[in-house]
2 protein chains.
Amino acid sequence: MSEERIEIADLGEFGLIRHLTKNIEIHNASTVLGVGDDAAVIDHFGKQTVVTTDMLIEGVHFDLMYTPLKHLGYKAVVVNLSDIYAMNATPTQITVSLGLSNRISVQALDELYEGIYAACDKYGVDLVGGDTCSSQKGFIISVTAIGEVTPGKFVKRSTAQKGDLICCSGDLGAAYVGLLFLEREKRIFQEHPGVQPDLENESYVIGRLLKPEARKDIIEFLEQSEIIPTSMIDVSDGLSSEILHISQQSGLGVRLYEDKIPISEDMKRAAFKFEIDPTACALSGGEDYELLFTLQQSEYDKLVLNEQISVIGYMTEPEEGAKIITKGGHTHDITAQGWNAFKGRQ
Amino acid sequence: MSEERIEIADLGEFGLIRHLTKNIEIHNASTVLGVGDDAAVIDHFGKQTVVTTDMLIEGVHFDLMYTPLKHLGYKAVVVNLSDIYAMNATPTQITVSLGLSNRISVQALDELYEGIYAACDKYGVDLVGGDTCSSQKGFIISVTAIGEVTPGKFVKRSTAQKGDLICCSGDLGAAYVGLLFLEREKRIFQEHPGVQPDLENESYVIGRLLKPEARKDIIEFLEQSEIIPTSMIDVSDGLSSEILHISQQSGLGVRLYEDKIPISEDMKRAAFKFEIDPTACALSGGEDYELLFTLQQSEYDKLVLNEQISVIGYMTEPEEGAKIITKGGHTHDITAQGWNAFKGRQ
């Protein structure tokens, strides 16, 4: 018994919104008024409000051919939460705006919302508003995340100090290699529709692309350890691009060590299948959603035992520029080769 | 000497953002940290935060053939501010996310941002963040507006009381008639490219569509007059649809009087050119961005002298339903015939 496809037009805009929001659970006392009015009302009770927004567009940021809608919903939320954590803040609310073509059924939207709500549950944030409209072509999802931070405790990109250690959470580059696998399988499928995808053993790198997580745990660890980073950013465009933001905005140089950059064994093995350099994936790949931060050298002892944090270099005088020391001992300039949304991978 | 077209790709994403935000002025002390980091930081100093979001999509919400980009930028901001005012709150910040096709030059984007900044200046709000990405087809603009309100002073849709007066600001229906003119001229132009548009004398209705204003003045008047509406909503989908939201969410009936609905002379004259009923335009037209609100009868004296506010009916027992009394004395059910984003005008 297959369920009959329900068209969005059958429910109408308001019916659709009611359908999608009927099971909302509120996690935060700060959510004074949620979905269903002209605007939501939030009370952060003396804390400062942190706000960020990200838009994902079909064909640019995701391909529905290999992106399950549930994962897309989850990821659209997580990439925004990652920006809130990168301010050393705690996300509390989101709004979600959707542009939908009539290709999308209500059942498909339900899957998308399953992913959105799964992320809300996992990170303890509330969906408080949004907008749902039709799109002539393609699927668009625009999320705004709101968070809170104790006044003055937020961490910017521009406040790294000379001599600070550069730290990175988790491992880098895997999401990019995951993308390479999915693009390859798409091409094979298009040429030979009968061939089954060969993605066994690649679940780690593919999972990193399709269902990333934001590093809530790292922010909690820093708080528990009484570490306030001197600067912080999340890794959405690749390590090179992100460390250059910190370097340029702080007016300092950077020295990274290739052999310190955290790379997983799964990613390394996968990268070799494409005959590409794992370090290049970490530097330029993007979409890892790890946290990159700097801190005073005196804090080193507090994090040395945390296996989820790697020290990968330090901040230098501005005249020394942004450099990476390779495993072979050579020194190279760090250049931004990350994702450029207007030119594609460069 | 015509200026050479600059492609967005020539600047790159970060160059583009720097270019578009280099002249930002900050209007509000609540804007602690603006554009240029993972997220913005806002401190409403004990007030509650109000948040709303709206997405505009080319071909659905606007037609670039007759929408100047400057007006589009202005309107995309204003429609969001209108939602903040409809909560009886004051807008303070916005974020703007754009999906851009390569059809758009940097100069065109500059025009769009001129309109965005003009709205920011007029309403005293700060642009604090956003996202800029490419779109394969069509132009997408998603704005989130943030505002503040004294704790508990926000006004919902669901709190109208039986016997309350129903009030409306400004006049209704003109934006819809403006749309009819522009659509007519577009058809004529497509069929006979040499014909000059015939829009003389229609500047009021066309202006209402292309460059709407949010009713900041009404919210200020209500505050000065010490009037707190019992419920409020802004008129984006037409009077019928909006009053039904108040009626349904408040669990009450409604009685409107056709002859009290505010309609401008310019709109009436324009509607007759299309042989359509001005009242129908007011009830179902949408995009007026006026405020619709209810208040206790005892407050009537405080607003009777304000020519920008019309009393158009009152809230009744739920059993009496939602009715309109026509000029001829007949009683009709009010039905939602406003804009349905998934079916078009019904």
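Residue positions begin at 1 at the first shown residue.
Just so it is clear, glycine is given a Cβ too, placed from its N, Cα and C backbone atoms.
Keep in mind that TrEMBL annotations are predicted by a computer and have not been checked by a curator.
Features reported for this protein in TrEMBL:
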BINDING   B:D38, B:D83, B:D234  Mg(2+) 3 binding site
BINDING   B:D38, B:T52, B:D83  Mg(2+) 4 binding site
BINDING   B:T53, B:D54, B:D131  Mg(2+) 1 binding site
BINDING   B:D54, B:D83  Mg(2+) 2 binding site
BINDING   B:H61, B:E287, B:W339  substrate binding site
BINDING   B:Y113, B:G130, B:D131, B:R157, B:S236  ATP binding site
BINDING   B:D237  Mg(2+) 5 binding site
DOMAIN    B:36-149  domain 'PurM-like N-terminal'
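Checked against B:D131 (Mg(2+) 1 binding site), the binding-site residues B:T52, B:H61, B:D83 differ in C-alpha distance, with B:T52 being the nearest. Proximity to chain A, taken as a Cβ less than 8 Å from one of its Cβ atoms, holds for none of the binding-site residues B:Y113, B:S236, B:E287. DSSP gives B:H61 (substrate binding site) a coil state; it is part of no helix or strand. Its Cβ placed at the centre, B:D131 (Mg(2+) 1 binding site) has 23 other Cβ atoms within 10 Å. Using a 10 Å radius centred on the Cβ of B:S236 (ATP binding site) and all shown protein chains, the other Cβ atoms total 22. The Cβ of B:R157 (ATP binding site) lies under 8 Å from the Cβ of B:S231, B:M232, B:I233, B:H245, B:I246, B:Q249, B:S250, each of which sits 6+ residues away along the same chain. Ranking the binding-site residues B:D38, B:D237 by how many Cβ atoms sit within 10 Å of each one's Cβ puts B:D38 at the top.
Taking a C-beta cut-off of under 8 Å and a sequence gap of six or more, B:T53 (Mg(2+) 1 binding site) has these contacts in its own chain: B:N80, B:S142, B:V143, B:T144, B:A145.
Looking at the residues that bind ATP per the record, B:Y113, B:G130, B:D131, B:R157, B:S236, the two CA atoms farthest apart are separated by 33 Å.
Cα of B:T52 (Mg(2+) 4 binding site) to Cα of B:D83 (Mg(2+) 3 binding site): a distance of 7 Å. Cβ-based neighbour count (10 Å, all protein chains) for B:D54 (Mg(2+) 1 binding site) stands at 23. Most buried of the binding-site residues B:D83, B:E287, judged by other Cβ atoms within 10 Å, is B:D83.
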